[in-house]
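Straight from Swiss-Prot, the features:
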type	residues	note
TRANSMEM	2-22	transmembrane segment
TRANSMEM	41-61	transmembrane segment
TRANSMEM	62-82	transmembrane segment
TRANSMEM	109-129	transmembrane segment
TRANSMEM	136-156	transmembrane segment
TRANSMEM	172-192	transmembrane segment
């Protein structure tokens, strides 16, 4: 039980890294962060993560009867791909992120929230095949993402772009490691 909670928390932090990195970028562009901006950011990113997790979970649940024999490979493949992509993107980002507009209306936040939640869809697919409480995972991931995005605004304002790349790399590596853990458990190499 504790291993499942820890795994869910690690996934939550990892999936939140895109929103955290984008929020740091937004924080770089403001002279001060208002509490309302932080709340809006948290709601946009956390809510979008929850929606995409639910969509991914239901999409996978519809096909779970057909893929249970190789679900561990799906989990591993998705998490390794998402994690690898996060690490790759951290090295590919340019000054464009730092110049992101600091507006917090729906026209600016919706595309960012959706872009940061694409990975959540794949994680939602993975949740359908993992031994975890899906409602708890969705709640945990969306709350952690909301908190990280709000904190990212303040961190971006205070410290600049220094933390953006390491956060994204760390999130990617953790997702890859969780994928490896799930694969090794299903293959009987390790037991948790």
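Cβ atoms are placed via backbone N, Cα and C, with glycine included.
Away from its own ends, the transmembrane segment (2-22) comes close to residues 45, 49, 83, 86, 90, 97, 100, 112-113, 115-116, 119-120, 123, 130-133, 136-137, 140-141, 143-145, 147-149, 151-152, 164-165, 167-168, 170-172, 174-175, 178, 181, 192 of its chain (Cβ-Cβ under 8 Å, at least six residues beyond either end). Between the transmembrane segment (136-156) and the stretches 41-61, 62-82, 109-129, 172-192, it is 41-61 that has the most C-beta pairs under 8 angstroms. Beyond its flanks by at least six residues, the transmembrane segment (62-82) meets 119, 122-123, 125-126, 128-130, 172, 175-176, 178-180, 182-183, 185-187 of its own chain at Cβ-Cβ distances under 8 Å.
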